[in-house]
Each structure stands twice: as structure tokens, then as C-alpha cells.
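S.K.: Please read through the structure below; I'll follow up with questions.
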Amino acid sequence: MGWLPLLLLLTQCLGVPGQRSPLNDFQVLRGTELQHLLHAVVPGPWQEDVADAEECAGRCGPLMDCRAFHYNVSSHGCQLLPWTQHSPHTRLRRSGRCDLFQKKDYVRTCIMNNGVGYRGTMATTVGGLPCQAWSHKFPNDHKYTPTLRNGLEENFCRNPDGDPGGPWCYTTDPAVRFQSCGIKSCREAACVWCNGEEYRGAVDRTESGRECQRWDLQHPHQHPFEPGKFLDQGLDDNYCRNPDGSERPWCYTTDPQIEREFCDLPRCGSEAQPRQEATTVSCFRGKGEGYRGTANTTTAGVPCQRWDAQIPHQHRFTPEKYACKDLRENFCRNPDGSEAPWCFTLRPGMRAAFCYQIRRCTDDVRPQDCYHGAGEQYRGTVSKTRKGVQCQRWSAETPHKPQFTFTSEPHAQLEENFCRNPDGDSHGPWCYTMDPRTPFDYCALRRCADDQPPSILDPPDQVQFEKCGKRVDRLDQRRSKLRVVGGHPGNSPWTVSLRNRQGQHFCGGSLVKEQWILTARQCFSSCHMPLTGYEVWLGTLFQNPQHGEPSLQRVPVAKMVCGPSGSQLVLLKLERSVTLNQRVALICLPPEWYVVPPGTKCEIAGWGETKGTGNDTVLNVALLNVISNQECNIKHRGRVRESEMCTEGLLAPVGACEGDYGGPLACFTHNCWVLEGIIIPNRVCARSRWPAVFTRVSVFVDWIHKVMRLG
């Protein structure tokens, strides 16, 4: 053997910093402690002088009598343990301070290579025979002596002689001296169906044999797939996974020169029964992975590129590699788990775009009754919300403490848990819910067919606002055109950027309270989707601000509340209040049912698609003229509702495109900026002389205040 192979082998064994981590030998259970139930058995003392969990792993790894360790995430303490969760008289317990790391060889139920390192607790052979204890010489005599190093414990299957067939044991049957235990290799223990998004096996090597980097580490390769942000992707330890919709499972490698590689995993046979994705053709549910309709343009009306073509855009999403994703012709699809169906476009300057013009399938349950007016006189017995959630009794104080009770509202007949409208909510009867995450929701009711909804009131003579809707003069508007089509660089301190788990901008929003953002329902796959890893960015004009920009505030999203049916609105509650300053300000909410007079000049702001009119870097602001719904409906053939409003560009084409959705239509009224509309997907964005449609915020102001009041 030459000196170079020896050097490479030596550096691998020593675990050179920046390559292999000692944590690679461990599986982690977050927020978990391992207790031993026998008081006479005590774990090792806490060691408080460790830098991180990697140092703990470096201490535990070489010790034969260390099989696991606790890592205290707050004090950075380390406690070495001589047992695992499979040891007798132990139990797992949830913990708010500790993570539990256990050596893979002791907790894996499959084997790597020929299983020489297997230290599991399988104790029966492939033929079902009990194993003989290694310390016994009867009924079958043998030469092996149990030690800590060879791991010949109890009567567990082991492979002390490196048998190619894997772990084995002597049996308790005098007629069968020894037999294989038939433990599957980790490669064979779990198979891949479709593109392997649901693969949760324990293979931690790539197809070239390189060891995988742990998902919870950022070396040797930095990446966005932090396990704490992608809770639904199974990013366990350093096992092969597919969190980004690649053609098959992969991992980052411990080789600094090779960032990532695919893993060699067997495909499932026809007998495997994968989770069936519900398919739809006229609408889409969730993120639209099951959409199989024929929409073939983007929200902006740009034709889609065929999936089997590589012009004008080269890509990896070919029908052959994604056979189960139905990548037919140029239809909108979602092969990679994006926020909604999308496609590559035929426009060379626009690589890909979403197809938000496809409507979402409603998840409301079928109405069980009807009501007149606002439903204040409804006295029926419906007791479920529009989502099918059971109503809380009006007399109960859990899970929500009610503000309206039979005592406080004797005329509202707040009986049992029946839907009522004690506060005159304009969106109909409602109730407190039995879901701890949802204080209240509207009920499974519809307006009666013979009931005419009230028309929007005339605008009041005076609108007064005091502490919101103020800003410093915008930046020089003559510099350039930007991403709102026909727009200019500007300051819109209430406009926020919604960021997904990879930190990418996907929608806009408006700061209406220090802890609340108003945005569009179309930006989210579900009203109950996991929000871990989603953030709101405020205080910057740049789509990709520099690291450490002093005015940037990044706040995690804690909660989502979907608006009344048909509103297309969502309120996001932040984990903490933002700090208001010149770069971060509240925008005023309009009075209820306020109608912006035609001819009013308003502005939209965002970081969305520009159709080639500008660069990617700065917040865009564009002016638009408000027009009446009557004029708007001439072009839109009567489809614009009173809960919507319209604008037409002052300089065609001017308007909102993809990436701007959820952002504000702000109008300057009585020396204040007022949030009059929310940008929603239009059939074609920024089309010359074609009215753009927005959700009219004033129709839903009572709901906004109610949600913020109830928290």
C-alpha cells in the first residue's frame, strides 16, 4: 500500500475537522431523556465543560461502556450513559432541557455491511429458534468469551467472526448448533416508491460509498434543510432523504469536495401500497401535488413549457425521472412539493412560475342550515364550524375563555354549543371552537337563498387616523423600474416579505399590528399547514438583504387564521412584536365597508415578477388608479364582487405579478396611508388597460379586529 492511501485512511479514522463528525455514529431524539428505573444504577456525572454535542460524541464514541449521552441544550452539559432505550429497566421521557444521542449500532434494527458492529437486541434466529446466551456453553459448546469490545451480551444475535451472512447465534436446540438471525441490511430494510419523498430508512452512505453529512450540521457543507424547520421531511441524523423533490433520495456528503450525491436504494415492488395522493382536475388541494388538470399557463398568462422539452429552459423534471408525477404535455404540476402547481415558461427571461389561477378546492363542510341578514336572529341547532370542528359550549371556559356568555348577552340565546352571532358579526353566526389553536370560527351555515346581502355603504365624509400609516418620503423614484411591473423603487415600511423554510421570498404582506400580518390565502397550502421555519422579514428594501443589515427584522410565524369564506385573506400572528421605526411602520385599516372613491391614486408594493422591466433587488412601488366596480365589471363580465375592488394602471402596463401576492394596495387618505386592498392572483398580471382585482379590506375589518382581539 502506498503512502497516499495510508494517509487518506488515517485522516478518515482521526475525523479531520470539517469532514466526518463524531455525531455520525449517533441517532438523536430531541427533547428526550433516558431514565433507568433501578435506583441502584446511576448514570455518569454531568460534564459542564463541553462546547457542543459534537464534543460529547467525541468523548462517548471511543468508550466501550458509553452507549449514549444526554446533551443539555441550555447549559451545554454532557452526561455519558452506559445504556440505551433497549436496555432493561429503562424508559424514555420527554424533556425540555435535554437531547438524547444513542450509538446507532445499539438502536438500529438493520445492519450495515455484514453486521459486525450490530449491537441490537434481536435474540431469535431466522428459523424462529431462541438464541443461546453467549456466556453459556450448553447445549452448544463454543470458543467465544463475552467482553465489552466484542459485544457478546445476553443471547443477542452477533457476528463475531465476520460471517458474510450477517449476525447469527448458537441456538438452544441441541440439533441446530447455530443459525443466521436474518436481520436485513439497512439498504434492504426500506424501499423507495415514486421519488422517495417518504423514504425513512437508515442508509447513511451515498451510491459512491461516501458517508452522509448530518442534516443538523452545517459542515462541511452549508445548506437550508435544518431539521427544526422541516419537521415533516424526516431529516433524521445523516440518513438519505429527499426534502427538495429531487428524482430520488440523496444527502450532503462528508467530503468537502463533493456537496451532495444520490443514494443507492432499492425500488419498491408492485406489492407495496404507498400513500395514495388524492387527485383533482378542476381545483387543487394542499400544495397541489395531486392536481391532474389541464391548466397550461402561469398566473400571469404566460404559456408553459412542455415537461419533455429543454428549451427555452433546461431542467431535471423530465417525465421519465418523475414517472409518478404525471408530467404530461405542458400542464401545471407540482413535482417537487412547492407551494402550489407550477411550470417552466416559454418566456426565456422567466424560468418558472406558479399557476395560482387554478382555484383551491374548498375544505368547508356542507352547510347544514341557513340564516338571514347577519344571522343575529339565528336560533338553529347547528354546532359545527365551516371546517367541521365541534363548537365549544357557551358556558364553558375551556379550551377558550369566552367574552360572550348567556349572562352577558341574555337576548342572544347562547344555548348549549349552538352557533350564534352575539356581536353582530357581518360574516354570520360563529362559535368558540374545541380546537385549542382556533379561538373562534364561522359556522357550517349559508345565507338563505331568498335573502339579499346588504350592499356596501357610501363612504363616510371623514376618515381619521392617528398613529398608523405614516412614513418618510420614498426614495428617488427616477432610478429604475423594478419588480412590480412598471414600478419604481420606494419605501413601504408596512410591506413585509414572507419567507419559506429555505429563506426564499414567496409572498408579500402588510403589518397591521405589531404582532399581526395580513396577507392572501393563496400564499398557503392549507389553513392548518405547519408553520415551523416560516418567517416574516421587515425593515429592508432588498429582496436579498446583506447579512447583518441593521434595520432587518426577522420574526418567526407562530399562527395562521384564515378569513371568512370568500375573503381570500389570512392573518399571521408573529412569535413576538416587531420594533416600529422609520423602516417598520403600521398601516391603517379602513373603516368598515369603506369604499375608495373612483379616481383615487393608490400604490402597490412588492418584490414580485417584473416581466423583464427591472432588477431583482429592491422593493417596488407602483401607482394605480381606483375604478368603480361597475366599470371594472364591464371588462370582467360581472364577476367582480362587492368584497373586491379594482384598479387600472396609470402607465400601462403597471400592476402586480407573482411574488407580490398578499401585499398591500395602499391609498393616501386624510394624510394617512390606508390598507384598502390585498393583492390576489389575477388571470393576467399587469395587462394594459385591463383592471386588476383586489380583496376589499374594509369588508373584513370587523373580522380582522376580532381575530386580533381574541388572539
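Glycine residues also receive a Cβ, built from the backbone N, Cα and C atoms like all the rest.
So Swiss-Prot lists the following for this protein:
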| type | residues | note |
| --- | --- | --- |
| DISULFID | CYS56-CYS78 | disulfide bond |
| DISULFID | CYS60-CYS66 | disulfide bond |
| DISULFID | CYS131-CYS169 | disulfide bond |
| DISULFID | CYS157-CYS181 | disulfide bond |
| DISULFID | CYS191-CYS268 | disulfide bond |
| DISULFID | CYS194-CYS324 | disulfide bond |
| DISULFID | CYS240-CYS263 | disulfide bond |
| DISULFID | CYS370-CYS448 | disulfide bond |
| DISULFID | CYS391-CYS431 | disulfide bond |
| DISULFID | CYS419-CYS443 | disulfide bond |
| DISULFID | CYS602-CYS667 | disulfide bond |
| DISULFID | CYS632-CYS646 | disulfide bond |
| DOMAIN | 110-186 | domain 'Kringle 1' |
| DOMAIN | 283-361 | domain 'Kringle 3' |
| CARBOHYD | ASN72 | N-linked glycosylation site |
| CARBOHYD | ASN296 | N-linked glycosylation site |
| CARBOHYD | ASN615 | N-linked glycosylation site |
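Let's see these features in context: how buried, what's close, how far.
M.R.: In the structure as shown, the Cβ atom of CYS78 (disulfide bond) sits within 10 Å of 25 other Cβ atoms. DSSP assigns CYS78 (disulfide bond) to a strand in the three-state reduction.
Taken residue by residue with DSSP, CYS66 (disulfide bond) is part of neither helix nor strand, so it is coil.
Cβ neighbour count for CYS169 (disulfide bond): 26 (other Cβ atoms within 10 Å of its Cβ, all protein chains included).
DSSP classifies CYS181 (disulfide bond) as coil under the three-state reduction.
The secondary structure of CYS268 (disulfide bond), as reduced to three states from DSSP, is coil rather than helix or strand.
Taking Cβ-Cβ distances under 8 Å and a sequence gap of 6 or more within the same chain, the neighbours of CYS324 (disulfide bond) are TRP193, CYS194, ASN195.
Neighbour density for CYS240 (disulfide bond): within 10 A of its CB lie 28 other CB atoms from the protein chains shown.
Listed in sequence order, CYS370, TYR371, HIS372 are the same-chain residues six or more apart from CYS448 (disulfide bond) with CB atoms under 8 A from its CB.
DSSP assigns CYS391 (disulfide bond) to a strand.
CYS419 (disulfide bond) falls outside any helix or strand according to DSSP and counts as coil.
Here CYS602 (disulfide bond) comes close to VAL596, LEU623, LEU624, ASN625, VAL626, THR647, LEU665, ALA666, CYS667, PHE668, GLU676, GLY677: these same-chain residues lie at least six apart in sequence, with C-beta atoms under 8 angstroms from its C-beta.
Around CYS632 (disulfide bond), the C-beta neighbours below 8 angstroms that are at least 6 residues distant in the chain are VAL640, MET645, CYS646, PRO691, VAL693.
When pLDDT values are averaged over the domain 'Kringle 1' (110-186), the model yields 96.
According to its DSSP assignment, ASN72 (N-linked glycosylation site) is in a strand. ASN72 (N-linked glycosylation site) is surrounded by 18 other CB atoms, counting those within 10 A of its CB over all protein chains shown.
The number of other CB atoms found within 10 A of the CB of ASN296 (N-linked glycosylation site), across every protein chain shown, is 16.
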S.K.: Which has the fewest other Cβ atoms within 10 Å: CYS157, CYS443, the disulfide-bonded residues listed?
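M.R.: Fewest other Cβ atoms within 10 Å, among the disulfide-bonded residues CYS157, CYS443, is found for CYS157.
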S.K.: Between the disulfide-bonded residues CYS56, CYS60, CYS78, CYS181, CYS443, which lies closest to CYS431 (disulfide bond), Cα to Cα?
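M.R.: Looking at Cα distances from CYS431 (disulfide bond), the smallest one goes to CYS443.
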S.K.: Secondary structure at CYS131 (disulfide bond) (DSSP, helix/strand/coil)?
M.R.: strand
S.K.: Helix, strand or coil for CYS191 (disulfide bond)? Use DSSP.
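M.R.: DSSP call for CYS191 (disulfide bond): coil, neither helix nor strand.
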S.K.: If you count the C-beta atoms lying within 10 Å of each candidate's C-beta, which of the disulfide-bonded residues CYS181, CYS263, CYS370, CYS391, CYS419 ends up with the smallest number?
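M.R.: Fewest other Cβ atoms within 10 Å, among the disulfide-bonded residues CYS181, CYS263, CYS370, CYS391, CYS419, is found for CYS370.
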S.K.: Name the secondary structure element type, per DSSP in three states, that contains CYS56 (disulfide bond).
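M.R.: The three-state answer is helix.
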S.K.: Could you check the disulfide-bonded residues CYS56, CYS268, CYS431 and say which one's CB has the fewest neighbouring CB atoms inside 10 Å?
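M.R.: Selected from the disulfide-bonded residues CYS56, CYS268, CYS431 on minimum Cβ neighbours within 10 Å: CYS268.
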